Ligand SMILES: Nc1nc2c(c(=O)[nH]1)N[C@H]1C(S)=C(S)[C@@H](COP(=O)(O)O)O[C@H]1N2
Ligand SMILES: [Mo]
């Protein structure tokens, strides 16, 4: 004989057992939570985060080929030649990536706060579709936190991760993008409905707001505490947090005394010579840190060009070639940037000297060993009339920290490829 509830017995018992096993979950009782606030924060992130992702992916293309950043297999974007014009292009894309990424952190945290009742539910999933939906949320939350933490650590004083950072942050960005697309597809109608449920204008005029939110939403507290802050106040707090972050970061892209205000980003504030002189601008790696033997940059230094033939030039011979002066930015992948006036020999003149007037690429070698030992430039970067092997900056010889005897500066080239302490340049006529 079968029992009448045979079909339901097992699941019902399972639910009861799960209910009994319910861990002591926190109760969320703020009356501010509800579809409207969550949707508003969601909308801001839906506009802002794709900009952070796209500028990040563009920076990756600008950066060029391995070894830094490391190979990422099938996730590699189709490479294209990063433009050389406008000269501030990388300054803009990377500055936006880092600044906007930081400014959105308070909003990401507020959004997570606003959906907290949905993040900790028991049982974790009630059906297969529910489980799938929750898996995308888990990936979304996990990847955004991962991107924030790795990004913030990387722009602090030193590379915390070595060069594993670039691959990790990049793969994390793709995980986030996939999860975001799924999340938007699933939640867009809810977001639109949530936004329509209140008027932003009315909310901004309301000094206190109680809990009169949609009682059907599982974001809304069932036993709310009295409000201690209005929705207007909450928005001011979140927006104020973002403004504060912006105010303490934006200095890293400004030249002059305002640079000192970038308190959250010490790397962009560290200058080599704090003397107000021509070489007093941010330095990435100092000469001492490079580990280069000082004798290697002294009178024994020669620039070695190769191409159709080999040419060796000492610094006096380089200085005797036609010199060009141009204002170009150094824009670091960590987000700081500066514009300086550089003087030196055009790379295309050096290419001609090496017997390769129409190179398809150039490989620049540094005296320094390690990840900066060589950097490849594409034809457009070599042939641009503003692309220089700089000997001087702001009218003075380069300081050891900024790459003496000679360094590369190329319009729109990421700072990381503007090799300092150059020793060799190989001009290639075939790829
Ligand atoms: N040889 C060498 N070149 C280098 C670096 C380096 O560490 N070693 N740092 C690069 C990075 S990441 C940046 S942002 C710029 C910074 O130039 P600066 O230190 O003169 O401001 O130099 C680039 N050239
Ligand atoms: Mo950099």
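Cβ coordinates come from backbone N, Cα and C, glycine included.
If you look up TrEMBL, you'll see 36-58, 98-116, 137-157, 163-186, 234-254 marked as transmembrane segment. Summarising the annotation, TrEMBL assigns region 'Disordered' to 203-224. Per TrEMBL, the feature domain 'Oxidoreductase molybdopterin-binding' maps to 297-428.
In terms of DSSP helix, strand and coil, the domain 'Oxidoreductase molybdopterin-binding' (297-428) has 25 helix, 55 strand, 52 coil. Taking Cβ pairs closer than 8 Å, the transmembrane segment (163-186) reaches residues 46, 49-50, 53, 56-57, 60, 63, 67-72, 75, 133, 136-137, 139-140, 142-144, 146-147, 150-151, 154, 371 in its own chain, all 6 or more past its ends.
Through the fold, the transmembrane segment (98-116) approaches residues 28, 32-33, 37-38, 41-42, 44-45, 48-49, 51-52, 55-56, 141, 144, 147-148, 151-152, 155, 219, 234, 238, 241-242, 245-246, 249-250, 253, 264-265, 334-335 of its own chain, all at least 6 residues removed from its boundaries and within a Cβ separation under 8 Å.
If one looks beyond the transmembrane segment (234-254) by at least 6 residues along the same chain, the residues whose Cβ comes under 8 Å of a Cβ in the stretch are 32, 37, 40-41, 91, 95, 98-99, 102-107, 110, 203-204, 260-265, 267-269, 335-337.
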